[in-house]
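Enquirer: Could you have a look at this structure, given as structure tokens, before my questions?
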């Protein structure tokens, strides 16, 4: 389904403690019944998002996904995938309250064990070149920051109670471009990812007292639609492991950060780049 009606309602604050206690009781009851953990994944239709949904689904998680594209049942053969997917442009900040309402409706009182903010955009010039700070329009700056930074902020705020009830985990997908000038990623993309890394630390500090862990992963060159064969050939020499990564390798780190194995990890940004950052 699509969410095509704008909604400028404010994101409401945390629930009262009494309401939270009822949510926690509901969590315990669901655990006793053996119900699966639940993840919200943005940008789930391809690349890293697709690999992440596949891995979590194979591990028995329920995946609520959203993307600009409709669900592709042939490429995404996980259980209830179509039923738990909705279309939304998270780059339009007016859509965030409505998207949060949609997630809450699908949770139907269930807790949210993981929020993976994977959706992102890295615009190029008409000739495919990187957009610099001199050539990027105001509209492009705003569009990139709304999707790459504002959406993760508002989703974390709007789903705080559901995450708190599950002692959940947030994983933000940043980039190696957030820490250095990148040959392909544009200025707006790079600075939005640097800001997302900073946001990860802020959220980790603010959410830790409530039992919510917040981390980030910073992929380098990963074989996705964003990396052309020509670009791949050009960057391999700068990677100590002498190859690009795969979406599956990134998904495994996301899974670790959402698992009990990472129960004492928060505020970290994990580089996944074959040593390219060295």
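Placed from the backbone N, Cα and C atoms, the Cβ positions cover glycine too.
Swiss-Prot lists these features:
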- 40-64: NAD(+) binding site (BINDING)
- 175: substrate binding site (BINDING)
- 189: active site, proton acceptor (ACT_SITE)
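Help me picture where these features are in the structure shown.
Expert: In sequence order, 41, 44, 116, 118, 247, 250, 251, 254, 255 are the residues of the chain that are 6 or more apart from residue 52 (NAD(+) binding site) and have a CB within less than 8 Å of its CB.
Within 10 Å of the Cβ of residue 175 (substrate binding site) there are 26 other Cβ atoms, across all protein chains.
The secondary structure of residue 189 (active site, proton acceptor), as reduced to three states from DSSP, is helical. Taking Cβ-Cβ distances under 8 Å and a sequence separation of 6 or more, the neighbours of residue 189 (active site, proton acceptor) in its chain are 120, 121, 122, 123, 144, 148, 175, 177.
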Enquirer: Need the DSSP three-state call for residue 40 (NAD(+) binding site) to compare against my parser.
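Expert: DSSP assigns residue 40 (NAD(+) binding site) to strand.
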Enquirer: Specify the count of other C-beta atoms within 10 Å of the C-beta of residue 48 (NAD(+) binding site).
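Expert: The answer is 28.
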Enquirer: Does DSSP give residue 60 (NAD(+) binding site) helix, strand or coil?
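Expert: In the DSSP reduction, residue 60 (NAD(+) binding site) maps to coil.
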Enquirer: For residue 56 (NAD(+) binding site), what residues in its own chain, 6 or more apart in sequence, show a Cβ-Cβ distance under 8 Å?
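Expert: Residue 56 (NAD(+) binding site) has long-range Cβ partners 39, 41, 63, 114, 251, 255, 258.
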Enquirer: With H, G and I counted as helix, E and B as strand and the rest as coil, say where DSSP puts residue 48 (NAD(+) binding site).
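Expert: In three-state terms, residue 48 (NAD(+) binding site) counts as helix.
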